[in-house]
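According to TrEMBL:
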- 12-33: transmembrane segment (TRANSMEM)
- 53-79: transmembrane segment (TRANSMEM)
- 100-118: transmembrane segment (TRANSMEM)
- 284-301: transmembrane segment (TRANSMEM)
- 313-333: transmembrane segment (TRANSMEM)
- 339-360: transmembrane segment (TRANSMEM)
Amino acid sequence: MKILDWYIIKKFLTTFFFAIFLFAIISVVIDVGEKTDDFVKSGWNFSQIVMNYYIAFIPHILALLFPLFVFISVIFFTSKMAERVEIIAILASGTSFRRILRPYFITSFALAALLYYLSGYVIPIADVKVAYFEDVYVHGNSSYEQLVNRQKIQYKRIDSFSYAGLRNYDTTTKKGGPFFLYKIKDGEMNYNLRAEKISWDTTHHQNKWKLENIFERNIDGIHEKVKLTPSRIVNYNFMPSDLRYDEYAQNKMTTPELERYIYLEKLRGGEEVNTYLIELYRRIATPVSVILLTMIGAIIASKKVRGGSGAHLAIGFVIAAAFIIMDRFSTIFSTKGNLPPIVASWIPNITFMVVAIYLYKKAPK
């Protein structure tokens with residue numbers, strides 16, 4: 001690489017890391033102000049708060065806006081270069097605009113790779129620590145915890161022909177009920193089971209489910225057999241941890257864990273698998289958006305305009321807002337509608353790829 005490459009790369013990384021450093025400090029100060037009482041209630045000392053909470057909180061909060069920090073950083077330092085007529089001087093020396101974009105691409109690719117690794121293997125672990133503190137010390141005595149521990153009904157697919165449903169499962173006691181299971185063959189139900197209660201039985205190291213007050217129906221054409229059983233130990237393909245309601249569970253799984261969970265949920269016939277698929281695809285799509293936003297930012301800010309950096313930043317914030325809105329709407333259409341998760345995850349990138357190509361064609365060469 002030439003001096004030009006190192007010059008732009010240095011400015012890129014310096015501006016980016018300075019921006020996230022400032023944002024991290026501001027976020028921590030605001031969070032400390034909001035959670036001071038919670039820290040006192042927790043009984044944690046200063047080192048425990050830092051090592052058990054803020055060491056996870058900082059990457060958690062930075063990951064949310066990583067692509068936008070890259071975008072704003074690119075616009076800021078590139079517009080400064082344009083103000084000082086550096087871009088014009090580089091072009092006048094015979095260097096093509098495409099050549100100028102090379103260090104932008106190299107740096108954005110490195111940052112995209114970093115984000116891909118962090119979002120798949122580091123951020124989920126950080127999210128678990130942040131969620132633990134908030135669940136125990138922030139929401140522990142509120143109605144939030146009751147909502148987490150107890151829901152109306154869940155459905156699970158046991159095998160190719162068997163489906164189960166469970167009402168009012170409590171994650172604290174690992175008990176729930178009523179529980180029902182039915183089997184379908186040739187489009188007709190041939191077996192139905194209902195139990196008044198279901199609980200996780202750990203006695204004698206069984207680690208299986210215990211059903212109580214069981215009512216069974218075996219259906220064979222016009223014939224039907226009914227059986228009543230006080231209790232029974234059964235082994236199903238779901239664990240107590242699978243029944244915990246967590247609105248943000250997908251954020252707390254590493255990529256391998258997320259892929260395994262999606263595979264099992266598809267086998268069980270899970271109703272909310274789209275939420276997890278979107279998270280999986282987004283972990284690939286978001287790093288790509290880092291590259292696209294970098295290219296867009298460099299092209300926009302490389303032209304000297306009246307208003308300087310302020311005008312460029314204003315344009316940047318508009319584009320960033322459009323990106324966020326498009327991302328949120330596509331997610332809603334997938335989780336609440338019929339939009340395929342992979343399409344929802346990539347709609348913002350596809351749209352902004354078209355924008356990047358258009359801007360590049362209009363840029364001075």
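Placement of Cβ uses the backbone N, Cα and C atoms for every residue, glycine included.
Sequence-remote contacts of a segment are chain residues at least 6 beyond its ends whose Cβ falls under 8 Å from one of its Cβ atoms, and for the transmembrane segment (100-118) they are 1, 4-9, 12-13, 16, 59, 63, 66-67, 70, 74, 87, 90-91, 283-284, 286-288, 290-291, 294-295, 298-299, 302. Proximity of the transmembrane segment (53-79) to the transmembrane segment (313-333) is established through 3 or more Cβ-Cβ distances under 8 Å for residue pairs spaced 6 or more apart.
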